[in-house]
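Peer 1: One structure coming up, written as structure tokens, with questions to follow.
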Amino acid sequence: MESYKEGVKAKLPALTLYLGLVVIFIVFAVICSMMGKNFLTLNNMFNIITQASIISIIAIGASLVIVTGGIDLSVGSIVGFVGIFGGLILKAGMPLIAMGILCIAAGAAFGLVNGCLVSYGKVPPFIVTLGAMQIARGLALLINGGQPISSFPKGLGSLMASKVLGTVPVSVIYVFVFYAVIIFVMAYTKFGRHVYAAGGNICAARLSGINVNRTVLMVYVLSGIFAAIGGIMLLSRLTYADPNAGSGYEMNAIASAVIGGISLSGGKGKIGNTLVGAIILSTLTCGLQIMNVATYYQTIVTGIVIIAAVFADKKKERQSE
């Protein structure tokens, strides 16, 4: 009983900080609803999730990488590259399905290179993905001379603009389907257990017969695939390809994971909570816009929230040791 009380007492500071963030978020939502009557309406809730949809899907891959103890800084640039790559494919007269397959293959290729260098080459993930971030962005600027691409088939916009039952944006359906699948995979499959094991204790994972290198490689490939899916969704939303698209998305994806409780030390956290983190960030942005707060102040507020979440994560980690 005493040990239980001591454990609870040790976790109180970090728990208090997390609860503080939740309380601040609720107060913020109430203030926004008072300033904008439509803030807490069903339509606006769908709008918030729609705004968070691209980041939340990219964040699935980023979260998987973080669970293994790594980090992927290349996802934002992959989004930009996929947009331009997909735009050129459509301009060449190829159908949407072919564009989707080729773009996902391109994202997987980036992830494959990252994963090979990290898992088999033993190069630090930060260095590998930082380099990949620069390469992907450089390619996005290079292949069309830094110019955007527009005038695509009408069907492209419907990938994001359509609504189910005339009310629910199709992007919301995409988000919940992807998260339902990944939550099942992480909770009930061997691959999910291997991902957590690789991030929790790599030596113990190897001793138990887990092919850690292959698991880490697969995680980076998945990160590239989810980034590519995000790139396709962004291309559909904008209906034009911008080589600078996706800039900063890697930070928002990582922030969504951390705010959702994914531990930066690896091996801990529920992937489903990453969606909560993405929605919190989207709600902050939407609320600050309703309050007519300038964009640069919005960035500062988001940064403060990220730092607070990371601080809580580190404090919880130290107390569990």
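Each residue, glycine too, has its Cβ placed from N, Cα and C.
Since this is a predicted model, take the numbers as computed values, not measurements.
Residues annotated as transmembrane segment in TrEMBL: 15-36, 48-67, 73-90, 97-120, 126-143, 164-188, 217-235, 271-290, 296-312.
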Peer 1: For the transmembrane segment (126-143), find every same-chain residue at least 6 residues outside the stretch whose CB is under 8 Å from a CB in it, and list them.
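Peer 2: Those are 71-74, 76-78, 80-81, 83-85, 88, 110, 113-114, 117-118, 243-244, 247, 250, in sequence order.
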Peer 1: Between the stretches 48-67, 73-90, 164-188, 296-312, which one has more Cβ pairs under 8 Å with the transmembrane segment (271-290) than any other?
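Peer 2: Out of the listed stretches, 48-67 contacts the transmembrane segment (271-290) most.
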Peer 1: Which one, 48-67, 73-90, 164-188, 217-235, 296-312, has the most C-beta pairs under 8 Å toward the transmembrane segment (97-120)?
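Peer 2: Most Cβ pairs under 8 Å with the transmembrane segment (97-120) come from 217-235.
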Peer 1: Any chance the transmembrane segment (73-90) and the transmembrane segment (296-312) are in contact, meaning at least three CB pairs closer than 8 A with a sequence separation of 6+?
Peer 2: no
Peer 1: Can you work out which residues elsewhere in the same chain, 6+ from the ends of the transmembrane segment (217-235), have a Cβ less than 8 Å from its Cβ atoms?
Peer 2: 53-55, 57-58, 60-62, 64-65, 67-68, 70, 72, 74-76, 78-83, 86-87, 99-100, 103-104, 106-112, 114-116, 118-120, 156, 159-160, 171, 174, 178, 191, 195, 241, 245-246, 249
